[in-house]
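Visitor: Structure in structure tokens, see below.
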Amino acid sequence: MLKIYSSLSQQKEEFKPIQAGKVGIYVCGMTVYDYCHLGHARVLVCFDIITRYLRAKGYDVNYVRNITDVDDKILNRARDNGESVDALTARFIDAMHEDERALGVLSPTSEPRATGHIDEIIAMIQRLMDKGYAYHASNGDVYYSVEQFADYGKLSKQKLDEIRAGARIEVDAEKRSPADFVLWKAAKPGELSWDSPWGEGRPGWHIECSAMSTRCLGDTFDIHGGGPDLKFPHHENEIAQSEAATGCKYVNYWMHAGAVRVNKEKMSKSLGNFFTIREILDKYPAEVVRYFLASSHYRSAIDYSDVALEEARSGLERLYNSIRELYGELGAVSMDEPLVGEYRERFHQAMDDDFNTSSAVAVLFDMAKAVNVAKKEDRTRALSLAKGMVDLAEVLGLLQADPESLMQGEGEEVGGLSVAEIEDFIAQRNAARANKDFAESDRIRDLLKEKGVLLNDSREGTSWQRA
């Protein structure tokens, strides 16, 4: 039985989809004015794993992740760069997709863009106006009247009086209450804008997600996710808008990924510890980064550091090492080993417990140990266990590559040696061993070790990996 921790109830709840066998998920995507950073990577990988697991359980998943392609930040960046909004957003959408592919993130079912849903956004604002939840200010903006929504604050567990008193909200004479937020922004000269009943303008950020999610998934859908910083005000405002407009419960399960820190500090440009995905991928293999993100429970805070990434590399290499000499034979394996079923059950129990990837990864390590033991005793059993391990790891998006690509790198030099030179040294060492010249064999092993190349001897022959 799958249980999901809902941020709304603040407890684990049995997952009951609205429609049997089908799941609708909406995740707030990127505002495309810059490259994706590590926090984005966590959300991307987290909900990729959740979607993979739901599909593995047999659900037909409609996974919607939006793109915000009109926003103050986008307009300001385009102006500063001297380029069109279309050119800016197209460039960073392409970059986002490149980052996703590198991290092994599968494409969502649909990826709606705000600019493609202006009609739906205007229609939702009009419904809010008609019901008395929104008002047209004298400056041309349209605001949501927070005081009209009795349940405002139910997601973030804040009371409206506390929000008014505690929030650092700029005084705006156009607002009836400081907590009110904009639904439609009147256009400034030269800005990107659309015609509306309230004049030329563009949508506010919050209404974009309400309109797109309900358009794609219906007035009520199963799961809404995002980063921890979106719970308030963005998701709180989404609830207020959507439930006021439709009269229906908006979302059944609210899921929020944990925060990402860097060397135990909040990631920020001002602290100089802000990393884009591509900057991190310049230092570490993509699967190592994915393993790092997947090996912690999605709700827990994680701390990025070089030490943590090296530990992730070591852990992933241990898993790959266990199947390395078996990899070429896994395609023909039929899983008859009863122990595979036991591990599969443990893996599913972990994932059914609010997608506990940390415990699921621990199951993979137990399987790796069993594979290593079986390799010495029963190769058929080892192959069956290895195949089962790789199949389970696919849910996490791990262990799907040829082990050599991680262990040796993508054709890069190691310690100044090319792959061809390393292979030549291994051939020389094999010849020395055949001639029982063990001193020469040890000399070559030590030389390669100094260069950062470790040799592994097995009955299949000698393989190598980066130190």
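Using N, Cα and C of the backbone, Cβ positions are placed for all residues, glycine too.
Note that the coordinates shown come from a computational prediction; the quantities given were computed from them, not determined experimentally.
Sharing the feature lines straight out of Swiss-Prot:
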- Cys28, Cys209, His234, Glu238: Zn(2+) binding site (BINDING)
- 30-40: motif ''HIGH' region' (MOTIF)
- 266-270: motif ''KMSKS' region' (MOTIF)
- Lys269: ATP binding site (BINDING)
Visitor: Across all chains shown, how many C-beta atoms besides its own are within 10 angstroms of the C-beta of Cys28 (Zn(2+) binding site)?
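Guide: Around Cys28 (Zn(2+) binding site), other Cβ atoms within 10 Å: 22.
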Visitor: Residues other than Cys28, Cys209, His234, Glu238 within 8 Å, Cβ to Cβ centroid, of the Zn(2+) site?
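Guide: Close Cβ neighbours, site residues excluded: Trp205, His206, Glu208, Ser210, Ser213, His224, Gly226, Leu230, His235, Asn237.
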Visitor: Going by DSSP, is Glu238 (Zn(2+) binding site) sitting in a helix, a strand, or coil?
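Guide: Helix, per DSSP.
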Visitor: DSSP secondary structure for Cys209 (Zn(2+) binding site), reduced to helix/strand/coil, please.
Guide: helix
Visitor: DSSP says what for the motif ''HIGH' region' (30-40): how many helix, strand, coil residues?
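Guide: Within the motif ''HIGH' region' (30-40) the tally stands at 3 helix, 2 strand, 6 coil.
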Visitor: Which whole-number mean pLDDT does the model give the motif ''KMSKS' region' (266-270)?
Guide: 73
Visitor: Take the Cβ of His234 (Zn(2+) binding site) and count every other Cβ within 10 Å, whichever protein chain it belongs to.
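Guide: The answer is 16 other Cβ atoms.
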Visitor: Can you name the residues of this chain that are 6 or more positions from Cys209 (Zn(2+) binding site) yet have a C-beta less than 8 Å from its C-beta?
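Guide: Once residues fewer than 6 apart are set aside, Cys209 (Zn(2+) binding site) is near Tyr26, Cys28, Asn66, His234, Glu238.
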Visitor: What's the number of neighbouring CB atoms sitting within 10 A of the CB on Glu238 (Zn(2+) binding site)?
Guide: 28
